[in-house]
Amino acid sequence: MAMNTSKAAPSDKDLQNIDDWLPITSSRNAKWWYSAFHNVTAMVGAGVLSLPYAMSELGWGPGVAAMILSWAITLYTLWQMVEMHECVPGKRFDRYHELGQHAFGQKLGLWIVVPQQLVVEVGVCIVYMVTGGKSLKKVHDLLRPEHSHPIRTSYFICIFGSAHFLLSQLPNFNSITGVSLAAAVMSLSYSTIAWAASLHKAGKAGPGHVVDYSMTASTTPGRTFNFLSALGDVAFAYAGHNVVLEIQATIPSTPEKPSKKPMWRGVVLAYLVVAICYLPVAFLGYYVFGNAVDDNILITLEKPRWLIAAANMFVVIHVIGSYQIYAMPVFDMLETFLVKKLRFKPGWPLRLIARSLYVGTIHHARRHRHPLLRWATRVLWWFCICPNNLLPSLHYVACNQEAVEV
């Protein structure tokens with residue numbers, strides 16, 4: 001790894017060579033179903049297991065409305081993002097901030113998009129680092145309940161984190177397609193286990209079993225706080241917009257066959273999978289357990305032990321893939337800064353050091369977030385609301401207005 005001290009601006013050929021090396025733009029041969037894998041992996045997080053708890057704080061009416069409206073609104077705003085990827089003829093907005101700069105100006109667009117995008121993507125990586133470690137520990141505890149010396153959760157987080165030092169060296173989105181496919185299958189698997197096991201438990205409870213659907217908080221401030229927190233859980237469940245342009249950038253595009261057609265096909269398939277994962281878990285989990293459900297429905301289920309252990313292992317595999325999906329745009333920003341601003345020579349030594357430092361930093365940061373994981377997750381939803389529901393529409397209006405003026 002060497003630093004270029006020349007002050008001369010890089011030529012167009014140099015910039016093209018850099019783009020051919022950067023993770024977002026280095027491979028553009030993805031199939032439409034790749035986008036389905038990536039979107040499912042990005043969208044369906046372990047947060048699906050907290051949706052019954054969110055329903056318990058919202059109640060039937062607001063809960064059903066929040067789930068369905070969130071699904072519909074985010075699907076619409078995702079369509080807007082897909083359409084805007086090539087809203088300027090002959091140009092592709094391969095990164096979220098590039099679209100922001102086109103819509104709001106070079107400086108303002110950068111400051112509007114990049115901070116919230118980094119907060120969500122880095123925050124998700126931290127949350128999933130902890131989630132993966134905790135799920136791995138749950139698998140161990142379920143399979144070895146007689147273990148006399150409990151192993152600290154931090155050790156399992158270290159085990160989970162070590163996998164990412166290796167996986168983070170995969171160069172681009174297309175190279176993690178296999179990981180993303182496995183993660184997407186796992187998300188569908190543990191979601192199915194969650195709602196099917198809930199139904200099975202309801203069947204064993206008998207007709208005399210009473211379910212309490214009342215609010216857990218007794219005071220108005222408490223109910224208000226829980227209600228808003230539950231909305232945060234629902235919003236956090238639809239956090240895939242931060243990476244949609246980067247995913248679309250991997251699909252080939254020509255004037256005759258623009259990338260938006262295969263991308264939209266993949267998005268529709270992904271959202272059908274999202275509905276299959278989210279709605280049964282949220283509604284059936286709440287129907288069976290009421291306000292007695294935990295913030296992770298697998299904790300409430302408990303048995304059969306082997307099935308819950310399998311579901312937790314599926315969660316581990318899924319968040320491994322999700323971590324990589326959300327880390328890839330961060331790698332792209334980091335490597336772009338190092339190569340284009342600091343003039344480091346692109347190559348595997350730079351990638352090895354930069355990405356390893358990022359994974360190590362995330363691993364260190366989780367030590368301060370672990371005790372406040374649920375609080376951190378709820379804070380993240382404020383940043384998910386902007387890229388998922390507000391910014392796409394603002395971008396869409398700005399781009400259309402500019403097109404009309406032209």
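Positions of Cβ are set from backbone N, Cα and C atoms, glycine also.
TrEMBL lists 29-359 with the feature domain 'Amino acid transporter transmembrane'.
Per TrEMBL, transmembrane segment is recorded for 32-51 (among others).
What TrEMBL lists as transmembrane segment is 58-79 (among others). Tertiary proximity for the transmembrane segment (58-79) is limited to same-chain residues at least six positions away from its ends with a CB under 8 Å from its CB atoms, namely 51, 213, 215, 227, 230-231, 234-235, 237-238, 240-241, 244, 264, 267, 271, 274-275, 278-279, 282-283, 286, 388-389, 392-393.
Residues or ranges marked as transmembrane segment by TrEMBL: 108-130 (among others).
Residues of the same chain lying 6 or more positions beyond the ends of the transmembrane segment (151-170) and with a Cβ under 8 Å from any Cβ of it are 129-130, 132-134, 136-137, 140, 176, 179, 316, 320, 323-324, 327, 331, 351-352, 355-356, 358-360, 362-363, 366-367, 370. Residues or ranges marked as transmembrane segment by TrEMBL: 151-170 (among others).
The transmembrane segment annotation in TrEMBL covers 176-197 (among others).
Remote same-chain residues near the transmembrane segment (267-289) are listed as 33, 35-36, 39-40, 43-44, 48-49, 51-52, 54-56, 60, 63-64, 67, 71, 75, 78-79, 82, 184, 187-188, 191, 194-195, 198-199, 201-202, 211, 213, 237-238, 244, 297, 300 (criterion: CB distance under 8 Å, separation of at least six residues from the stretch ends). Under the heading transmembrane segment, TrEMBL lists 267-289 (among others).
The feature transmembrane segment is assigned by TrEMBL to 309-331 (among others).
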